[in-house]
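Q: Swiss-Prot lists these features:
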type: BINDING; residues: ASP7, GLU55; note: Mg(2+) binding site
Amino acid sequence: MKSIGCDIIKVGRFKNFLENKKKLERFFTHKEIENFKLKGGSVIESLAGKFAAKESLIKALSPLLQHKIHYGLKDIEVIKSLKGNAKFYLHNEIEKFAIKMNLKIYLTISHEKEYAIAFVMVEN
């Protein structure tokens, strides 16, 4: 089965995240935050793109969920490699679900000035 998810976000929503550490830590892991610091370019665009990626994955997984699982946005980690491609690292119940269902997850993120968009495809 294949499923897709897509999310678009206004980049401006994330300006205050850089000034509010608690807000940043509510949605992003320490590893993600460190990854933002290493990245060149706009940190705000990167924040928005990774948030959109998390939302896209939730949308893609929702038709596959046969029962409710408990997860938070920090259980879905989005890390960009040195090559520039973003990848999901899942934790806790959502990771167990992905392993049990033998899911392959594909992600692409793009941002342009005011908007960030992410597209996810899931197959098993």
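We count from 1, first residue shown onward.
Heads up, the Cβ atoms here are built off N, Cα and C, so glycines get one too.
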Q: Starting from the Cβ of GLU55 (Mg(2+) binding site), draw a 10 Å sphere and report how many other Cβ atoms land inside it.
A: 19
Q: If you count Cβ atoms within 10 Å of the Cβ of ASP7 (Mg(2+) binding site), leaving out that atom itself, what do you get?
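A: Excluding its own Cβ, the number within 10 Å is 22.
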Q: Sort GLU55 (Mg(2+) binding site) into helix, strand or coil using the DSSP assignment.
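A: Where GLU55 (Mg(2+) binding site) sits, the three-state DSSP reduction gives helix.
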